[in-house]
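Asks: Pasting the relevant annotations from TrEMBL:
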type     : residues  : note
COMPBIAS : B:131-147 : compositional bias 'Polar residues'
COMPBIAS : B:257-266 : compositional bias 'Basic and acidic residues'
COMPBIAS : B:268-277 : compositional bias 'Acidic residues'
DOMAIN   : B:51-198  : domain 'Thiamine pyrophosphate enzyme TPP-binding'
DOMAIN   : B:202-266 : domain 'Pyruvate ferredoxin oxidoreductase beta subunit C-terminal'
REGION   : B:130-153 : region 'Disordered'
REGION   : B:257-277 : region 'Disordered'
Amino acid sequence: MAEDLNWAVGGEAGDGIDSTGKIFAQALSRAGRHVFTSKDFASRIRGGYTAYKIRTSVDRVQSVVDRLDILVALTQRTIDENLDELHEESAIIYDGERSWEADIPDEMTAVDVPLKSLAEDAGGAIMRNIVALGAACEITNFDVEYLDEALEKRFGGKGSKIVENNKEAARLGQQYVQENYDLDLDYDLDTTDEDYVLLNGNEAIGMGALAAGCRFYAGYPITPATSIMEYLTGRIEDYGGHVVQAEDELSAINMALGAARSGARAMTATSGAGIDLMTETFGLVAQSETPLVITDVQRSGPSTGMPTKQEQGDLNMALYGGHGEIPRFVVTPTSIAECFWKTIEAFNLAEKYQIPVFLVSDLAMSVTEQTFRPETFDMDEVEIDRGKLVDEDEVDEWLDAQGRFRAHAVTEDGVSPRAIPGTTDGAHMSTGLEHDELGRRTEDEDERVQQVDKRYRKVETAEEQEDWDYREFGDSDADNLVISWGSNEGALREALEYLEEDDIDLRVISVPYIFPRPDLSDEIEAADEVIVVECNATGQFADLLEHDALTRLKRINKYTGVRFKADELAEQITDKLSAEVPAQ
Amino acid sequence: MSSDVRFTDFKSDKQPTWCPGCGDFGTMNGMMKALAETGNDPDNTFVVAGIGCSGKIGTYMHSYALHGVHGRALPVGQGVKMARPDIEVMVAGGDGDGYSIGAGHFVHAVRRNVDMTYVVMDNRIYGLTKGQASPTSRSDFETSTTPEGPKQPPVNPLALALASGASFIAQSFSSDALRHQEIVQEAIEHDGFGFVNVFSPCVTFNDVDTYDYFRDNLVDLQEDEDHDPNDYEAAKEVILDSDKEYQGVMYKDENSVPYHEKHGVTEDMSEIPEGAPDDAMDLVREFY
């Protein structure tokens, strides 16, 4: 066993749990091992239980499971919180010198390491987590040099002294276990020659934005979207761009709107309550046909809900939010790699169709780090399509008899020409009011109908011209079909392996587009049983699919605030397959 | 930018639907003249407006323009200017738009000191919704929603700007055409956020703050040789003087450093490569 190792560090918020976990994850990644991380955290700065979990394997891992092999517990609560995931072979590293006496079940291996005093020997108590990492390396026979590399990356900027102290702390932890324990655990971590990159969904969105030519970002801090802004800050400037922390979400989206209207590729990102605030201006963005990417990193709602917990509850908001009827595209990446590619696609769609694009991610994806081959993000593959942006010469084709630019010209494909400020003869106004081809207010019945039709014709054009496809895996001939959107894909892929052991075959469809979306009617009709998996209580995506296919579907909904785990999902799918279809 | 631009080039062929005699006519004319006089033309100018009678201005002017939602014109204008430092940005708002729903944005736009001009058409009433109290209405001003007056003191927009760290604060009167134009012009030429509160009387719903009232009561700071707009203390005194109505430039920070200079936001952001930037794989390698 032990190729697939589940490791965690837990303690109080403020204990440096996050950076400790990240350092170990990076060390594993440097060793050519796959990594998938997850976080338990509370909505507070200091205190309160927090944990960083790593699943690692030589094979690709893309989900969390209900098992914990090595636990670095800085508090008793860390042990209590994870008791149901610990098992007989689990090892728990703790500091017996601290004020609490660890209450560890007898069957597990308790590894008492004087973390604090060893850290002090190395140069400071703050490094006790690094001592623990050294101990963890020893327990898993993991070459501590990989840890050294991660420490260099992490602390290199702070000077060689800090780096050396940290390396020493790790060595002391390693030696202590070597000298004081004769462990009979089978946790040998193999390494490979693979070079991986390790990043989370929000970093992938930020990187995608830069690759796509995003130059302006305005946002207001909110969990879990803020790290997109943090990523762009300090990097976007290298490309001549700028990040503004606005006074609120209303301002953020309006600033982004202004930048977009002046020709920049612009984005804002928020979550939960922030999307509500942006909804006012969302209507203006759509009505004025401004290309804008609005990212919603979903968290658990409603209102302030559970800000640090997972949910996919904003689908209806993205689809229907705002008064009146107005088209928008809703793109929903299903993996961290897709967070990158779909962000680029979102910018292209926004400009090609002059329409707001909701890029809908979720908390689980945003805080999860995962390993990828660098070529997964091959920048040579990035294509930029700015749509019908007209220059000085092309403007002439779009002037009316009086020489006025028809910025909202009624065209066959529904997309009008777009002139940005500075373009001679392109001056025009745009408004949230219903308008004529020139962008001027109108209440004329014919013009109203023409403009509404024009805006929806863009959607028809996009449906024809773009590939609104889904991803499929599992057994394409299987009788039973599971459909999912968002971050559940990884857990589903792994759940398939568990189900195969029980001879259950499934066809799985993962959908990265909510609007427009692929028509799954045929797939649904062809299947004996259809189950829709999503992290919300009511099954918002299932509702849509039922509507499309006019049939009742089974649903698996999780709304505890925690993402799906592969083994848990496999079990639920098995149960669901034998259950009755819900009554009409 | 052509040198032969006339202010009428900024006029659209749409006839304003403002009430005959509305102060907004004069306010807008002064804005157009000031833009032309400072060497701008419609193709390098972006006008942003909010909601209300003032919000209609984008329709009656000819330039790149956005007519936005209530109270949010300032953020739009800042976004335009940050992305396109080469574009002249003028934001028009009303007293309700700017000092009520948009008051938060006003404070922050002022403190960012983005190089743009903000003209507020202050008629001390909500006109388009037919005569309710506005943030600048007098505390005893009787309206349909405040039959006994708002019973709260009016906002002093100039003081709000001063307290927020404004680098240019001025006030004008729409029917004093030349002075109004000069003041807006000075705001455009100011390096930073040029704020002008314009008395722009509502002839339909406000029978207190009328043309006659302003004509009789307005004190022009230009005629007060003692007033030095670069003197913060003098500006404070004038701005906090609730007994008089002033026009002119109250305050001007000669050392104003506009946002784009302070933060190095000087590139035209509308131009991007046709694919990912040349060194984009470096972004990936950061995650090794």
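Cβ atoms here come from the backbone N, Cα and C positions, even for glycine.
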Asks: Would you kindly list the residues that approach the compositional bias 'Acidic residues' (B:268-277) from elsewhere in its chain, counting only those six or more residues past its ends and only Cβ-Cβ distances under 8 Å?
Replies: 82-86
Asks: Please average pLDDT over the domain 'Pyruvate ferredoxin oxidoreductase beta subunit C-terminal' (B:202-266) for the predicted structure.
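Replies: Overall, the domain 'Pyruvate ferredoxin oxidoreductase beta subunit C-terminal' (B:202-266) comes to a mean pLDDT of 95.
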Asks: Are there residues at least six beyond either end of the compositional bias 'Basic and acidic residues' (B:257-266) with Cβ under 8 Å to its Cβ atoms? List them, or say none.
Replies: 81-82, 85, 112-115, 191-193
Asks: Provide the three-state DSSP residue tally for the region 'Disordered' (B:257-277): helix first, then strand, then coil.
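Replies: Helix, strand and coil residues of the region 'Disordered' (B:257-277) number 5 helix, 1 strand, 15 coil.
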Asks: Looking only at the region 'Disordered' (B:130-153), how are its residues distributed among DSSP helix, strand and coil?
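Replies: When I sort the residues of the region 'Disordered' (B:130-153) into the three classes, I find 0 helix, 1 strand, 23 coil.
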